[in-house]
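Annotated features, as they stand in TrEMBL:
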TRANSMEM  25-43  transmembrane segment
TRANSMEM  67-86  transmembrane segment
TRANSMEM  98-126  transmembrane segment
TRANSMEM  138-159  transmembrane segment
TRANSMEM  168-189  transmembrane segment
TRANSMEM  195-216  transmembrane segment
TRANSMEM  228-250  transmembrane segment
TRANSMEM  270-293  transmembrane segment
Amino acid sequence: MKPEFLKKIDNYLLVNYPVIWQSRILWVGTYSLALFALFYFFGDRFDYEPYENGEFSYYYHERQDRVMFGILPLFLSILTLFYWLYTQYQQKIDYSKLSLGGFTATTLLNFACVVLLFLPAIGLAYSTLDFPRNLENTWLGIQTVVTLATAASILPFILRQYTIIETVLVIFFGFVYCLGVALVFAGILEVKGDSVMVTIFVINYLVFLGYVLVKFANREITQNLKRLALLCVLALPLVVPAFTYYAGYYNYRIERAYEYALGFKGDPFTLKWMVLHVVTVLTTYSLLAYFMYRSMVFPVKRK
């Protein structure tokens, strides 16, 4: 269902602002805000109350509500995020004329689309979950997903460099590699301590990232190098909490850095989380997108 006036706006964006058009923010924003309003004002009608068997029944049904109105909508929002990425994969937009500021603005635009996709889940949870702990856990779950989904803001720039199966395999083999490193150091070499293991992973990451940046700077780009670059890009939100730990945040406790960054503990959507784990990551992604895209588009150095 596409209203005629929105089609006209969409066509106007296509002709005059193709970079904004390709993000699909018009349609993402329209449908997400409409669903958010619907669920926020009328979502409680889906939740049957009062319960008949006293306090036990209340807490039992609230746990059920957490699944139906918290976890399930979040899962559906994640699926819409993958669909949005698929639509980005189908686009053929030329970003080569964008300045660094243009890449930054486009990265923020893409992240805005990501956040909008989770608005319906937020509206439904807020209107239906009465038990404060359930509501807080749902907010923290959304924070976890949004923290990891910051990686989606850079993917529209580089997705067309890979096939879908390539992207899946990069994620799979990245996980296998991390598991192998953990088994070698923790199992065979008996390295103990969370901070030591995280430092080992961070050193691995910096070595890979440095290798990728040097090769890209020299325009010595192969498909395997692009795959390694994709792995570095996707892993960035998992590495940033380690740097906040090194900088002295979270009382120099590595487990707290990851728990609070990924939404396992603490208050959801704090200013510290926003600055350290969203703004920092998006700024880094803007620089990487500018550097990587131009290197991929112009694989031979221009004199």
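Here the Cβ of each residue, glycine as well, is placed from N, Cα and C on the backbone.
Contact check: the transmembrane segment (168-189) against the transmembrane segment (138-159) gives fewer than three Cβ pairs closer than 8 Å, residues 6 or more apart, which falls short of the contact criterion. With Cβ pairs under 8 Å as the measure, the transmembrane segment (67-86) is packed most heavily against 138-159, out of 25-43, 138-159, 228-250.
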